[in-house]
Amino acid sequence: FTTSLLLGTTMTISSNHWIMAWAGLEINTLAILPMISKSHHPRAIEAATKYFLTQATASALLLFSSMINAWQTGQWDITQLTNPTSCLILTSAIAMKLGLVPFHFWFPEVLQGAPLTTGLLLSTLMKFPPITLLYMTSPSLNPTVLTLMAILSTALGGWMGLNQTQIRKILAFSSISHLGWMTIIISYNPKLTLLNFYLYALMTTATFLTLNSTKASKLSTLMTTWTKAPALNAALLLTLLSLAGLPPLTGFLPKWLIIQELTKQDMA
């Protein structure tokens, strides 16, 4: 399954043709489903079903958008997306794949139902192919729609994470919020989106691996784990603060650069 995951991701990020990109996304979805449901718990099965339905819908929309574009322009090239209807459908499809507002409902639920290691894959590796597609098509997408989605995602990710007790749900809302930051800048400076994604993936990986080794899944258990591994928990605290974007830490860098770029665009 891991090989299939890597194959699907590589196929999507290295393809120029829409059908190849779609096939890569499908391989990815099918490879991660058994990983989500491997614990045979009803919650995990429910998470896998939710994940499958949303991803299948998003893939179908992606194929539909590229077919409309090919029908109108005769182009199957990813960078040649010129039809406005196609652009709109593609934006929806990628937003659904990533879990951007208003298509975010599935993500916290799926992350909560999945094991921690699978949750890590869902938050990082599975976001990479859609972000690559967004990166490649960003010049032709509608900046107003992207900005609206981004602002909603950042606000909602921040607010909804406040009243959670489950760590995985908090991390899911953190992911939605970060994706908002990535989406708002993609029309103006796509390289910043990639920088933000790489740093986000790095910090989230550190967080998930620490939680996995301390076996903490609720905030109440996290408060008592520091006795087992004080150094690891101190590192986790710093990683979480970095994920929140606190100034002296790494997580502040992409936010600072994005705000700077938005000010240049007279947006902030």
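Cβ from N, Cα, C; glycine included.
TrEMBL: automatically predicted annotations, no manual curation.
In TrEMBL this protein carries:
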type	residues	note
DOMAIN	15-265	domain 'NADH:quinone oxidoreductase/Mrp antiporter transmembrane'
TRANSMEM	17-36	transmembrane segment
TRANSMEM	48-68	transmembrane segment
TRANSMEM	88-107	transmembrane segment
TRANSMEM	144-163	transmembrane segment
TRANSMEM	194-211	transmembrane segment
TRANSMEM	232-253	transmembrane segment
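Beyond the transmembrane segment (144-163), the same-chain residues lying 6 or more positions past its ends with a Cβ under 8 Å from any Cβ of the stretch are 88, 91, 95, 100-102, 104, 108, 169-170, 173-184, 186-187, 267.
Counting only same-chain residues 6+ beyond the ends of the transmembrane segment (17-36), those with a CB under 8 A from a CB of the stretch are 1-2, 4-5, 7-11, 44, 47-48, 51-52, 55-56, 58-59, 62-63, 66, 69-70, 76-78, 97, 110, 113-115, 117-118, 121-122, 126, 129-130, 133. Residues 174, 195, 199-200, 202-204, 206-207, 210-211, 213-214, 225-226 of the same chain, all 6+ positions outside the transmembrane segment (232-253), place their C-beta atoms under 8 angstroms from a C-beta of that stretch.
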